[in-house]
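Only one structure is covered here, and it is reproduced in the block below.
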Amino acid sequence: MEKINAVITGVGGYVPDYILTNEEISKMVDTNDEWIMTRIGVKERHILNEEGLGSSYMARKAAKQLMKKTGANPDDIDLVIVATTTPDYHFPSTASILCDKLGLKNAFAFDLQAACCGFLYLMETAANFIRSGRYKKIIIVGADKMSSMVNYTDRATCPIFGDGAAAFMMEPTTEDLGVMDSILRTDGKGLPFLHMKAGGSVCPPSYFTVDNKMHYLHQEGRTVFKYAVSSMSDVSAAIAEKNGLTKDTINWVVPHQANVRIIEAVAHRMELPMDKVLVNIEHYGNTSAATLPLCIWDFEDKLKKGDNIIFTAFGAGFTWGAVYVKWGYDGKKES
């Protein structure tokens, strides 16, 4: 029996129309464009500012584009998984809402929560469903409305984040392509450094939690930066060595778009020139689970069938990892 691999056969993406610039941010908090660009690398970020719209809205836009580009029949979709830290509701899952919006009658669906590392976990999870031989078409989506949890009076965090979504189609192949390997890690000791204080079962919503701004993202930036650099660098180097990849045979690295200095540090550790590293943080900011697929959406036309790509990310938990992918097709599929 031939080995079944899980290959990426298409990508779709969406970012909201409204753009929040550094100039506008500087009117909210004590900062400026030069500081934000130098320290974070963000020039602008897209914000979903229409009332009553959440992550499922952006996920639907991305997935609809994906299905059009790949020519997928809604009845043929077996599974939908959404990685998000900003679900529409605590329940039901954003994935189930997305299935309804896409008219998928034969798919089952669930959410996956691994913060900014969510899409890495999605790729490995979906790949294993494909490898089982029981599933033929899987849509995976990273979607986050980070503006819903950002405190726009906190100069340390509000310049960093944006909203967006992107999706991959994953299908079986017997070619030597697709998700080839992964190294995924978790360390729950990271809780104090990156979390939302209230809103869960430990500290349910109350007048007190709202009045004390406990429903916003809390991040201890210096600690997170240090862990992100070391973790992403180490795991990227490890997966390259494990698979016999060198700086010459790696075609692309797709890092989580959290901070341009983290991205540059990972490239330096891997001895890779920055022209092999996909970077779009300047225009989107950190869209959490959406950063990795949004990078592919932006740079799809650069990719060639058989390209060796290392995806790497770091997020709350702490969660981190790397996924090695051999790309499945040439160039950009038109929508």
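Heads up, the Cβ atoms here are built off N, Cα and C, so glycines get one too.
Under 8 Å, Cβ to Cβ, and six or more positions away along its own chain, C116 (active site) finds T85, H256, A258, N286, S288, A289, T291, A313, F314, G315, A316, T319. The annotation active site is assigned in Swiss-Prot to C116 (among others).
DSSP gives H256 (active site) a coil state; it is part of no helix or strand. Per Swiss-Prot, the feature active site maps to H256 (among others); the stated evidence is sequence analysis.
Packing against the region 'ACP-binding' (257-261) from elsewhere in the chain are residues 39-41, 116, 160, 225, 228, 279-282, 284-287, 291, 294-295, 314: each is 6 or more residues past its ends and has a CB under 8 Å from a CB in it. Positions annotated as region 'ACP-binding' by Swiss-Prot, on the basis of sequence analysis: 257-261.
Among the features that Swiss-Prot reports, active site is placed at N286 (among others), with the record citing sequence analysis. With a 10 A radius on its CB, N286 (active site) counts 25 other CB atoms from all the protein chains.
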N286 (active site): secondary structure state under DSSP, collapsed to three categories: strand
